[in-house]
Structures are given as C-alpha cells and as structure tokens.
Amino acid sequence: MTNNEAGTYSSKNKASLSTNITMGIQHLLTMVPGSIAVPLILGNAMGLDAATTSFLVAANLFTSAVAILIQVYGLGKFIGSRLPIVLGSAFAPLGPMILIGNQYGLPTLFGSVIVSGIVMFIICFYINKIIKFFPAVVVGSFVTLIGVSLAPTAFNDLAGGYGSETFGSISNILLGLTVLMIIVLLNRFGKGVIQSVSLLLGLAIGTVISVPLNMLDLSPVKSAGYFELITPFKFGIPEFRADAVFIMVLFCVINMIQCIGVYAFLDDVCNTETDTGTKINGMRGQAFAQIFSGIFNSVPSTMFNENVGVIKLSGIKERSTVGASAVMLLIISMIPKLSVFITCIPKPVIGGATLALFGTITAAGISILSSVDYSNNNNSLVLGTGLALGVSVTFTPNVFDKFPLILSMLFSNGLFVVGLVTITLNLLLNHVKVKK
C-alpha cells in the first residue's frame, strides 16, 4: 500500500483545530532543541557575539518553518513530498560549517550552503538511480545507528547537559527519568487525546516539577526583544569558494542518506510504502529549502526521525498537524521572547523526552531489519559488519585524527561509515556474481 493509496496524508484527512494546536506544539517542542543546537554550537565555535548567535537561532527557526511547509504542502508538482515530515537543522555538515566559517567567514559559509543546495537539487533528478543502492538492510542499519548514536546525547541532557555545574546530580537524573516514565505510562495507559499528547504532557509536567527545584531560569526571556524580522544576506553578499562547496556537498550527501532512512521509518510507523516519485519530490523539496536557508542566513536542513517518533507515540498522522508546527515556528522566529522561552526548558526535561523518542527510532530500525532475508548469510555479514564499524566510529571518533582533514571528518562520522560499508558490502555480496 502506498501513501497515496492509503490516503493517510490526503488533504481530505484534516485534524481538528485543537488537535492541530496540541500536536503542532508537540512537534515544535520536539524539533526545536535539536534544531537550535546547530546554530548555537556554530556561533560558539566561531566566537560570535550573543546578538549574532541569537539571530542565527531565529533564522534557523524561520528557515525550518519554510522547509516544513515546502515538504508538507509542496511547491508545484515536483517539489515536496506532501508527507507529515518535520525538518530542522542538520548535524551532518556541522563540522565543515565550523571549518568554513572560521577560515573564510559567514558570507562564504552561507555561499557554500546555497551552492551545495543547488548541487543537491540537480542530484535529485538522478536519485531514482541512487535509491536502488538502499535496500532494507542498508536503510535499517542506518536508522538503527541513528537511534543508538542519539541516545547518549539525550542521556547527557537528562543528567543536566555537558558543562553544567549540576551534571549527574540526583535531582537532574530523577527529573529526567520521571519525564521519561510519564511519557511511557501515558502512551501505554492513556486514551484518546491523553495518549496522543503524552510527549507534550511529559514536557509540561517536567517543567512544572523543575520550578520548586530551582531549575527553571526565565531571566533570558526578560532581556529578549519583542519583534525581529529575518532578512536575507544579513551578513553581506555570499562569497563562493570551490573547496568550501566541495566539502559541503560531501556532507550533504550523508544528510541525504539520513533522509532516505526517515521515509523508511515513516512507512514502518504508518504501515505504508512511499513510492520513489514521492521520495524524489521530497529530496528536491529539501534541496530547495537548503538554497532558501543559505539566502536567509541559515544552515542545511534534515528530516527529523524524532518527529516521526512523535507520530508513532501519538498515533496522529495528519500532515496538517506538522503544518501547524511550521506556522508556530514562523511566529516564534519573529518574536525573540518566545524563541528564548523554549530554550529555557531544563535540560533534564528535554533529555527525558528525547530519550523516549530516540528509543522509538532504534526500534524502528530493528523493525525494518526484521524484514530482511538472512537465509544465505550475506545480509548478516552486511548488517553485522556495517553496524559494528558504525557503532565503533560513533563512540571512538578520534581514531581518525591523524588522517587528512576531510577524510578525518568523513570517517569519524558513524552514519557515513555505516552507509559506506553496508552499501559496498551489499553490492559485493548480493549483486556481484562469483564464477564457480
């Protein structure tokens, strides 16, 4: 059954206003922490002042909203998948962006985002020839590693976040685990609306609990402004360098592989089968959004597995709920006080909620892998070798520190390694015929 045949995401299937609002907030709160982390890390690594970094965060929220709207509702017939997929800033190209930004400055950084987006848009015209290299054993390995690699990040947040003076305190861990258990129990025993907004309730209850524990600091909200428009080319006319564009394209290809995994996760959650044409339209939509992001001072976007996890936890699949989250993001991006308020949610609360989501991503990867044929041992070798190397690199990335810079950045990325190894072994073991 394809998505179109199922009618799951048809515009005829519209959620109620209350559902759009509650689920929109839930999707928003799920994607914002991970999405704004990229401009925050980028700003810190480049030594940018607080005002510039705050603008990058707002620009990220604005361009993420546009990327979501393009994906959910489409531009014309061939741009956007029209599926309930949330997009936010991509972590895959973060290393190259820091390198480019420090060496050449923001105009060159955003110039490389624009040109690499154009290159990815062109690649999308040939993606139907590329997708055949991503069978279930490859995609399942990739999705599983996404969940496994993200879980430690969530657990660090649960403990208070790196650099926190209270990191690992009993109060942090108990609060984070309480949020996790609230979400799990509401999802298991809650009914109707309660079950569908289990994540939002977990975040809300956790935030309330944090108040008497003196974990909620709202002072940044007081100093934030009331209104600010996101304007194009804020930091000057983009500059273009071949080396910067080349390295950005390499890591945007990794990002593309991750997005292919999101379609598999969505199909697993919704019991659908997204056709190749829809995937291609979705990838074009993402590439188009990347070009837009570079123009509006932001970074490449990626499809968020964690928001597919929200769909799994809530059972609500209507794309209007994702569209609602995009509208909220647009509003928040222009009201600094609101965007800053979201960043004030305590780390242990965020960690407990995201740990539940990353668990569903891992489970989805395992579910995809359960459909693989292991009878002739070839797929077992593909899966085992790919995951073993991918996990190893994820948790020991400094092994490649002595490699040339570009190779070091590529091979210290677990998702790149698991993709490279599983694709290569799948071709060698399952498609190359050996003469006997």
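Backbone N, Cα and C atoms are what each Cβ position is placed from, and that goes for glycine too.
Quick look at what TrEMBL lists:
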TRANSMEM  21-42  transmembrane segment
TRANSMEM  54-76  transmembrane segment
TRANSMEM  83-100  transmembrane segment
TRANSMEM  106-126  transmembrane segment
TRANSMEM  133-155  transmembrane segment
TRANSMEM  167-186  transmembrane segment
TRANSMEM  193-213  transmembrane segment
TRANSMEM  244-266  transmembrane segment
TRANSMEM  322-343  transmembrane segment
TRANSMEM  349-369  transmembrane segment
TRANSMEM  381-400  transmembrane segment
TRANSMEM  406-429  transmembrane segment
Same-chain residues at least 6 beyond the ends of the transmembrane segment (106-126) whose Cβ lies under 8 Å from its Cβ atoms:
46, 97, 100, 233, 235-241, 244-245, 247-249, 252-253, 256, 280, 283-284, 286-291, 293-295, 297-300
Proximity of the transmembrane segment (244-266) to the transmembrane segment (133-155), 3+ C-beta pairs under 8 angstroms:
yes
Taking contact to mean 3 or more CB pairs closer than 8 A (sequence separation of 6 or more), are the transmembrane segment (167-186) and the transmembrane segment (349-369) in contact?
yes
Between the stretches 21-42, 54-76, 83-100, 133-155, 381-400, which one has more Cβ pairs under 8 Å with the transmembrane segment (322-343) than any other?
54-76
Let me check one thing: do the transmembrane segment (349-369) and the transmembrane segment (21-42) come into contact, meaning three or more Cβ pairs under 8 Å with sequence separation of at least 6?
yes
Report, as numbers and ranges, every residue of the chain located at least six residues beyond the transmembrane segment (133-155) whose Cβ falls under 8 Å of a Cβ in that stretch; write 'none' if there are none.
257-258, 260-261, 264-265, 305-306, 351, 354-355, 357-366, 368-369, 371-372, 379, 382-383, 386-387, 390-391, 394, 414-415, 418-419, 422-423, 426-427
Please work out whether the transmembrane segment (21-42) lies in contact with the transmembrane segment (381-400), by counting C-beta pairs under 8 angstroms that are 6 or more apart in sequence and asking whether there are at least 3.
no
